[in-house]
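What Swiss-Prot records for this protein:
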REGION    1-24  region 'Disordered'
MOD_RES   T12  phosphothreonine
MOD_RES   S14  phosphoserine
MOD_RES   Y33  phosphotyrosine
MOTIF     50-55  motif 'Nuclear localization signal'
DOMAIN    57-90  domain 'WW 2'
REGION    125-414  region 'Interaction with MAPT'
BINDING   G131, A132, N133, S134, G135, I136, G137  NADP(+) binding site
REGION    209-273  region 'Mediates targeting to the mitochondria'
MOD_RES   Y287  phosphotyrosine
ACT_SITE  Y293  active site, proton acceptor
Amino acid sequence: MAALRYAGLDDTDSEDELPPGWEERTTKDGWVYYANHTEEKTQWEHPKTGKRKRVAGDLPYGWEQGTDENGQVFFVDHINKRTTYLDPRLAFTVDDNPTKPTTRQRYDGSTTALEILQGRDFTGKVVVVTGANSGIGFETAKSFALHGAHVILACRNMARASEAVSRILEEWHKAKVEAVTLDLALLRSVQHFAEAFKAKNVPLHVLVCNAATFALPWSLTKDGLETTFQVNHLGHFYLVQLLQDVLCRSAPARVIVVSSESHRFTDINDSLGKLDFSRLSPTKNDYWAMLAYNRSKLCNVLFSNELHRRLSPRGVTSNAVHPGNMMYSNIHRSWWVYTLLFTLARPFTKSMQQGAATTVYCAAAPELEGLGGMYFNNCCRCMPSPEAQSEETARTLWALSERLIQERLGSQSG
């Protein structure tokens, strides 16, 4: 069913499939009961498992509940213009067993972004996602757009960004989504994006720093910095600097920085424990693509932590996330070896919807309101590397980032 797919559900049997002749229904209060059409009777317990259940959360965005003349509950999907007696929340039922508390976390590595947003309405909220024309950035943007948010795709390639916008509008023609040019490898482009955004006179509730480059051959940007470092860290740092006044005025607001578990396999300090710029923006002779990526991801966590320390008193929180292991996306396309590696690993990886889940969780979870300075993997907080926890390194990186921008743009840095 299209409506169920939109709600983040599949029209497939669940693990506790009903026997032939049985139907699952819900009361208007959310309790699940089972109708046996063969014997014309109903019961609260599942006919196979014996469990009682109730649906979790509110109805998906765009749905409404009603009661017909016979007292039976029905559901209206205003987006797809259809009515059904099947509760769209039935895929998200929870056991009604208060005597057996569970410590299982609410979401995990198999959760999708749409499942996290199930029942949420983001009408009136503005979300910016960098690198949103494909991969987890696209799924992040789509998930928020399908739940009422005004979503801006900040992308370098406008042709692909326009295609991404069209794909979202195909799923829901009323989605409020647009694309704006942002090239993180060019500081002037970051500046122009910020100016274009501010000209819209809209708030900014969620900023997702998602864009990244991986496995590039060594090159310098027009700003004279190694490309991986500028795209993955410095460009996002500058973007947040330029938009922080809007974020603060829109508080409570959230910044999500997409990092990676690979941040654990490197350091950016020298043997004396001091931040080493040559490790961040190395020469061609000292460059190794994987190491450059790992270092940029360490910068992401350090930046997110320091940003939270600075802006949380003004109502802006920041968290860093790891989206998932070896997900198949365009990030690997720069070298055939990585393409082969990602292809071989594909059967064991997350889907893009699952990869976007941790980002969306940190951007939307009510239980994280006002909380930040943390690192998440599989929708669960975990400790980053000891290097990523260094407040001194984070402060030094912040000061260095400011200086690099000032040296290149001078008084026009904003």
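The backbone N, Cα and C atoms fix where each Cβ goes, glycine too.
What Swiss-Prot annotates, mapped onto the structure for a quick look.
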residue	record	contacts (Cβ under 8 Å, 6+ apart)
Y33	phosphotyrosine	R25, T26, T27, T42, Q43, W44
G131	NADP(+) binding site	G137, A154, C155, N210, A211, A212
A132	NADP(+) binding site	F138, T140, A141, V151, L153, A154, C155, A161, A164, A179, V208, N210
N133	NADP(+) binding site	L153, C155, N157, R160, A161, E163, A164, A179
Y287	phosphotyrosine	W218, E226
Y293	active site, proton acceptor	A212, F214, A215, T228, N232, S260, S262
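By neighbour count, meaning other C-beta atoms within 10 Å, the densest spot among the binding-site residues G135, G137 is G137.
On the 0 to 100 pLDDT scale, the motif 'Nuclear localization signal' (50-55) averages 81 in this prediction. Under DSSP, residues within the motif 'Nuclear localization signal' (50-55) fall into helix, strand and coil as 0 helix, 3 strand, 3 coil. Taking DSSP states H, G and I as helix and E and B as strand, the region 'Mediates targeting to the mitochondria' (209-273) has 28 helix, 10 strand, 27 coil.
Of all the Cβ atoms in the protein chains shown, 31 others lie within 10 Å of the Cβ of I136 (NADP(+) binding site).
DSSP classifies G135 (NADP(+) binding site) as helix under the three-state reduction.
For S134 (NADP(+) binding site), the number of other Cβ atoms no farther than 10 Å from its own Cβ, over all displayed protein chains, is 18.
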